[in-house]
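Trainee: Straight out of Swiss-Prot:
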type	residues	note
ACT_SITE	CYS83	active site, nucleophile
ACT_SITE	HIS144	active site
BINDING	ASP43, ASP44, CYS83, ASP350, HIS351	Ca(2+) binding site
COMPBIAS	583-611	compositional bias 'Basic and acidic residues'
DISULFID	CYS149-CYS156	disulfide bond
DISULFID	CYS178-CYS250	disulfide bond
DISULFID	CYS454-CYS495	disulfide bond
DISULFID	CYS487-CYS493	disulfide bond
MOD_RES	CYS83	3-oxoalanine (Cys)
SIGNAL	1-22	signal peptide
TOPO_DOM	24-192	topological domain 'Lumenal'
TOPO_DOM	217-220	topological domain 'Cytoplasmic'
TOPO_DOM	243-624	topological domain 'Lumenal'
TRANSMEM	193-216	transmembrane segment
TRANSMEM	221-242	transmembrane segment
Amino acid sequence: MPRPRPLLLAVMAATLADIILAADPAPAGPAPRPPNFLLIMADDLGIGDLGCYGNKTLRTPHLDRLAREGVKLTQHLAAAPLCTPSRAAFLTGRYPPRSGMAAHGRVGVYLFTASSGGLPPSEVTMARLLKGRGYATALIGKWHLGLSCRGATDFCHHPLRHGFDRFLGVPTTNLRDCRPGAGTVFGPALRVFAAGPLAALGASLAAMAAARWAGLARVPGWALAGTAAAMLAVGGPRSASCLGFRPANCFLMDDLAVAQRPTDYGGLTRRLADEAALFLRRNRARPFLLFLSFLHVHTAHFADPGFAGRSLHGAYGDSVEEMDWGVGRVLAALDELGLARETLVYFTSDHGAHVEELGPRGERMGGSNGVFRGGKGNNWEGGVRVPCLVRWPRELSPGRVVAEPTSLMDVFPTVARLAGAELPGDRVIDGRDLMPLLRGDAQRSEHEFLFHYCNAYLQAVRWHNGSAVWKAFYFTPNFAPAGANGCFSTHVCLCAGPAHVTAHDPPLLFDLTRDPGERRPLTPEAEPRHREVLDAIDAAARAHRARLRPAPDQLAPRHLMWKPWLQLWGGGGAGGGAGAQDDSGHAHGDGSHAHDDPGHAQDRGDDDAHYGGHATTRTQATPR
């Protein structure tokens, strides 16, 4: 038998080795640690307010740094042009009507802490999903999604019931009425929302009383008493709330306790930024989700002495620049702790700038939406197109720009997938994973259609087909005065009623690729595909509505009104019983979160020159 040749033996050995290696591959290296998440949201910030989006006069160096080091999105869209529904959609990845967080009436946000509406406990937030994956979770800043349902301390809508381990912030929002000398929103609100019903009830009461006194008709006493009670129900709570609004509604909570009443705006931005840095420090050894929700730049405007009067845009500009400082302070904490590479940082605004905000002398107190029409409260691009910056050094190339349509709702599935959490299978999730676009693996958004709601009413639909982005309006707000860029007579545009909106049949159609400012509606004569585009959009709208399950209206008048038995006083958490627990049943209230970590000095950095180098004293939580 001939002996095998050496070359043949070598080939056979190599082949056998390949087979063995293919059948039993070498063990892979350890899987990368799931990222941390720092999600930052401004309030009422316009896309035209940041240097990285073209502003040349406001100083936003820390946000501009995020843009350079990460990805900038230029067609990022709020799911609603108002605070409450937009934030509900952000945390759940769902259009606001799916959770009942879209009003059928005129008022679309919570004004009182003692209202019974809020984000339903049945909704699944990103915090709840990530908490189930072992993440530490915190919300610092503004909530605005309700507090309690039936009693002042049941806290059914509280952040701790929605997956957050830690909450330091305001349960509702920042309003002019919260800061002495900043004016009021209730004068216009009473005029717009209560004047008509009160006038009608008053006229009825006067007519019945006159008829009874003159003997012209037999008017029972219960009719007079009932009408008077109705007047009290309409005007009384609002008037009482106006008189005592600040102590009742403007307070800072530390978990379940009232930590400060009324809110002290001095050093508030520093306090929130320091609390965020402290949370990072305490949880640097485990994955975390931190939602930093600034009160800036909603009125009432505020800024510490180091920022007040420094900007070229008055109190509004001062607020923007102080907020940017706060962002920088938290980014510096990530750097100091060596966490920047492993942390996905996301920055946005809940909706566009409030263009109707004016000062006592008529000066502009709101922000800039750049070239875009409209603003907060309506679905023109200025109301829903918001800044968006995403940085994750481990995964994302710096300096990229994504111009595709994306949504605040996309953060929910993106965060869930990266954390290894399973999306809930018993409900529709409207958001889409952003990572293929952010990495550059995909060039097209997964959103073919996006639906723009004004409260519970579908106002417009966006269609991204091919290279075009079409937008069709079923109704548009009536700007007042005529020719203005907002609804100055009502302080914000309303969503229904012939005096406030104009219906369009056929819908008003724009091509945002050619006309991003929505100045030139298309006609059948100018656009050959006019009918084809509208037919496709109408079909998508019908299919979308067919998938909407009715949900209890959390912004119905009965849930919006002030209810004295829900008013939270004192420490709030004392004797809370079952109410003093988070969504997993863990009790809170030992006050341990209220103290600075004594083992770590808080480096102040060069930016503290704005504050004169003084540390801020943190108010302890009221004992519970």
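Heads up, the Cβ atoms here are built off N, Cα and C, so glycines get one too.
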Trainee: In terms of DSSP three-state secondary structure, what is the assignment for CYS83 (active site, nucleophile)?
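Mentor: Going by the DSSP assignment, CYS83 (active site, nucleophile) falls within a helical segment, counted as helix.
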Trainee: Given the recorded positions HIS144, CYS156, CYS454, CYS493, CYS495, find the one whose Cα is closest in space to the Cα of ASP350 (Ca(2+) binding site).
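Mentor: Sorting the recorded positions by distance from ASP350 (Ca(2+) binding site), the top entry is HIS144.
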Trainee: Minimum Cβ neighbour count within 10 Å among the disulfide-bonded residues CYS250, CYS454: which residue?
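Mentor: Taking CYS250, CYS454 as the disulfide-bonded residues, the minimal 10 Å Cβ count falls on CYS250.
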Trainee: Within 10 Å of the Cβ of CYS156 (disulfide bond), how many other Cβ atoms can you find? Include all protein chains, please.
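Mentor: By my count, 17.
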Trainee: Return only the integer: C-alpha distance in Å from CYS454 (disulfide bond) to ASP43 (Ca(2+) binding site).
Mentor: 18
Trainee: Around the Cβ of CYS487 (disulfide bond), how many other Cβ atoms lie within 10 Å? Please give the count over every shown protein chain.
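Mentor: Cβ-Cβ neighbours of CYS487 (disulfide bond) within 10 Å number 22.
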Trainee: Using the Cβ center of ASP43, ASP44, CYS83, ASP350, HIS351 as the Ca(2+) site position, which other residues in that chain lie within 8 Å, going by their Cβ?
Mentor: MET41, ALA42, LEU45, LEU82, SER86, ARG87, HIS298, SER349, LYS376
Trainee: For ASP43 (Ca(2+) binding site), which residues in the same chain are close in space, meaning a Cβ under 8 Å from its Cβ, but six or more apart along the sequence?
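Mentor: Once residues fewer than 6 apart are set aside, ASP43 (Ca(2+) binding site) is near CYS83, LYS142, THR173, ASN174, SER293, PHE294, LEU295, HIS296, VAL297, HIS298, SER349, ASP350.
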Trainee: By the count of other Cβ atoms within 10 Å, pick out the sparsest of the recorded positions CYS83, CYS149.
Mentor: CYS149
Trainee: If you measure from the Cα of CYS178 (disulfide bond), which of the recorded positions ASP44, HIS144, HIS351 is the nearest?
Mentor: HIS144
